[in-house]
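*Asks:* First the structure, which I've put down as structure tokens, then a few questions once you've had a look.
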Amino acid sequence: MKLAKLIPKRFFIRSKDRSTVSKSPTAFSFGSASSSSGQDCKNSGGDGGGGSVTPTSILPEVPSPYSYVEILQAFKLIDRDNDGAVSRHDLESLLSRLGPDPLTEEEINVMLKEVDCDGDGTIRLEELASRVVSLDPARDSTELKETFEFFDADRDGLISADELLRVFSTIGDERCTLDDCKRMIADVDEDGDGFVCFTEFSRMMDLQR
């Protein structure tokens, strides 16, 4: 069970600097809300219609913080009906599991437009991969902090095994148990308090890369 692969920071992180919408504290984005997202979509390879996800074996090798296998895993987490395209319904379903605050139609539109290169109203694997490749590596430390805050549900500066399990359950990983989460914490828990602080969380993410 690879934590970094299961929850890629740049796919599910909330965007605090989105200029268009920022109402919901649980509004998650696939990446930064740059107005140049259309340029990021060049050569994305989306076919604009129905069909299956492009096999990872034929996707090009490009510099990216994540492998295409990791991107595919993230894509499958969102594409709940497994039809090869992330629809508005898929996105709304994910966000409803990640937080209690309902998103407005405008917020959903912004999140789709950030990644939907061909404008067909859905997100395909190639479009998501193109978005990830274009992200700025300098944002990594900020996004790591935001990822920590997402796990830390009670905002006490520590992540418990229960909080870790909540995230796995939310995104649909039925295999992860509380004991699994306790073992993951024990691997980086330097002070032995049974919790993970931000420094220890950083080590946890490094170990999962």
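Note that Cβ sites are derived from N, Cα and C of the backbone, with glycine treated the same way.
Pulled these features from Swiss-Prot for this protein:
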REGION    22-59  region 'Disordered'
COMPBIAS  27-38  compositional bias 'Low complexity'
DOMAIN    66-101  domain 'EF-hand 1'
BINDING   D79, D81, D83, D90  Ca(2+) 1 binding site
DOMAIN    103-138  domain 'EF-hand 2'
DOMAIN    139-174  domain 'EF-hand 3'
BINDING   D152, D154, D156, E163  Ca(2+) 2 binding site
DOMAIN    176-209  domain 'EF-hand 4'
BINDING   D189, D191, D193, E200  Ca(2+) 3 binding site
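What does the local environment look like for each feature on the list?
*Replies:* Mapped onto three states, the DSSP output places D90 (Ca(2+) 1 binding site) in helix. Residue density at D90 (Ca(2+) 1 binding site): 19 other Cβ atoms are found within 10 A of its Cβ, drawing on all protein chains shown.
If you average pLDDT over the domain 'EF-hand 2' (103-138) in this model, you get 77.
As a summary of secondary structure, the domain 'EF-hand 3' (139-174) carries 23 helix, 1 strand, 12 coil according to DSSP.
Within the same chain, the residues at least 6 positions away from D154 (Ca(2+) 2 binding site) whose Cβ sits under 8 Å from its Cβ are E163, listed in sequence order.
DSSP gives D193 (Ca(2+) 3 binding site) a coil state; it is part of no helix or strand.
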*Asks:* Quiz question: given the binding-site residues D79, D83, D189, D193, which has the greatest number of C-beta atoms lying within 10 angstroms of its own C-beta?
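*Replies:* That would be D79, with the highest Cβ count within 10 Å.
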*Asks:* State the Cα to Cα distance, in Å, between D191 (Ca(2+) 3 binding site) and D152 (Ca(2+) 2 binding site), rounded to an integer.
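*Replies:* With the alpha carbons as reference points, the distance is 18 Å.
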*Asks:* Just to be sure I understand the packing, how many Cβ atoms besides its own are within 10 Å of the Cβ of D152 (Ca(2+) 2 binding site)?
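*Replies:* Here the count is 19.
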*Asks:* C-alpha of D81 (Ca(2+) 1 binding site) to C-alpha of E200 (Ca(2+) 3 binding site): distance in Å?
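*Replies:* It is 36 Å, counting Cα to Cα.
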*Asks:* Could you state the whole-number distance in Å separating the C-alpha atoms of D156 (Ca(2+) 2 binding site) and D90 (Ca(2+) 1 binding site)?
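*Replies:* Answer for this pair: 31 Å between alpha carbons.
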*Asks:* Have a look around D156 (Ca(2+) 2 binding site) and count the other CB atoms within 10 A of its CB, chains all included.
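*Replies:* Around D156 (Ca(2+) 2 binding site), other Cβ atoms within 10 Å: 10.
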